[in-house]
Amino acid sequence: MGKLRQGEEEHLAPGHTGRPRPLQNLLLLLWTLLNCGLGGNAQGPGEWTPWGSWSRCSSSCGRGLSVRSRQCIRFPREELCWGDTHEYRLCQLPECPPGAVPFRDLQCALYNGHPVLGTQKTYQWVPFYGAPNQCDLNCLAEGHDFYHSFGRVLDGTPCSPGTQGLCVAGRCLRAGCDGLLGSDAREDRCGRCGGANDSCLFVQRVFRDAGAFAGYWNVTLIPEGARHIRAAHRSRNHLALMGGDGRYVFNGNWAVSPPGTYEAAGTHVVYTRVTGSEETLRAAGPTSEDLLLQVLLQEPNPGVEFEFWLPRERYGPFQAQAQAQGWSLRQPQPREVDPQSPESPAAPTVIPPRTPGPTPDPCPPCPDTRGRAHRLLHYCGSDFVFRARVLGRVRQAQETRYEVRVQLIYKNRSPLRALEYVWAPSRCPCPPLALHRDYLLAARRLISPDGTQDWLLLPHAGYARPWSPAEDSRVRLAARRCPL
């Protein structure tokens, strides 16, 4: 027979007269005596009723709390129910308008003009935050050097300015990731509430592949959805970050930005720098779009450490794209720069011969650089965008040198000659350029540390599209979206 609970009603079957049955009453009396009146042992804890509905938020704006409750139903010899009778959750409302009076200030102001401390004196009260218990209503008498505690603050009062805790029954409680105040639930590194870091993978590497020539070198793609991002190095080089629209977040276009907090891809990026010592980049994420991490070389690269957590479903595409992009760029062969003074130019830097290695794997398909996003990314991040006809092609070691005739310049950070050499530092023919055809090319400029040599570099995943009037219109549209 089930337990009787307070408030239960007896529902009669159709046709039942409702008159008591002697046998039924006798059985009920015997059951009650055996369980309640004859010294039966305790039957464990009672049972909770279902949770009630949530109350309205304690605040009309900003942060507040709502509460729900339940009751413990038990017999006299049963123990109390395990758990809490009340549960509190955070309710986040639109920000309070400028000039709104804080909740604690309102509670102190209720005592303005009322005699306290056993005298007839009255005072004007404002919150005092220097007392030990921050969930007491400690109010300072304006114009005086004392404060008075008026008991507990109302539930839902912020513990102190700038903190996330709320006062509940005189205790300062923080909300867990489940929104419940006092909960120990925390997000794991993957962003799952109460998770065990099993829905994402940890990416941690050191980028050492850049050459010794000044310029921007791609370090890694930071994919959409990445969390707990960190990058650091110890050198005179500079980290640079580019958004998905091709615009630099900081340290772009050969200009060093001040340390600080920057907005990018829906998250805050904290960039710090110790002069001549160390640079770091940190972001909590998750990122709402891809970011490109680069390093601006001024001296040989000692290594750029980077790490982030990535959802499992995004790791495969990230790894494939990183391999296809070929961002471990090989050092291009130099070409001489026209002398800028009557003095003889310095001799070209000697490139040490490469040690023969094992036969490389077959080249994967070249990365697909079609689409508006790629066009913007490469236009904004490149030093040169121009139309050129391919006149010649020479393979040198594992690099390819193209001789091109420049026909139309869309963007340039320094003058271009009518005939130029463009270097593709990759063992694979990417991007593919056919002889005697016109292309729209986006190239980067690399300069030797002494300033006597430079190169036009066409990255492995660079923008190289056959020229057409339609492509001309698209790149002119990109030019309006991205400043030179």
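Backbone N, Cα and C atoms are what each Cβ position is placed from, and that goes for glycine too.
Nobody curates TrEMBL annotations by hand; they come from automatic prediction.
So that you can see what the record holds, here are the features copied from TrEMBL:
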COMPBIAS  321-331  compositional bias 'Polar residues'
COMPBIAS  350-361  compositional bias 'Pro residues'
DISULFID  Cys57-Cys91  disulfide bond
DISULFID  Cys61-Cys96  disulfide bond
DISULFID  Cys72-Cys81  disulfide bond
DOMAIN    363-482  domain 'NTR'
REGION    321-361  region 'Disordered'
SIGNAL    1-42  signal peptide
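Looking just at the domain 'NTR' (363-482), the mean pLDDT is 80. Close to Cys91 (disulfide bond) in the fold, though at least 6 residues off in sequence, lie Cys57, Ser58, Ser59, Arg63, Gly64, Leu65, Ser66, each with a CB less than 8 Å from its CB.
The separation of Cys72 (disulfide bond) from Cys61 (disulfide bond), Cα to Cα, is 34 Å.
Residue pair Cys72 (disulfide bond) / Cys96 (disulfide bond) shows a Cα separation of 38 Å.
Each of the disulfide-bonded residues Cys61, Cys81 was scored by other CB atoms within 10 A of its CB, and the lowest score goes to Cys61. The two recorded residues, Cys81 (disulfide bond) and Cys96 (disulfide bond), have Cα atoms 40 Å apart. Counting only same-chain residues six or more apart in sequence, the Cβ atoms lying under 8 angstroms from the Cβ of Cys96 (disulfide bond) belong to Cys61, Gly62. In the three-state DSSP reading, Cys96 (disulfide bond) counts as coil.
Around the Cβ of Cys72 (disulfide bond), the number of neighbouring Cβ atoms within 10 Å comes to 16. Under the DSSP three-state reduction, Cys61 (disulfide bond) is assigned to coil, being neither helix nor strand. The local packing around Cys57 (disulfide bond), expressed as other Cβ atoms within 10 Å of its Cβ over all shown chains, amounts to 19.
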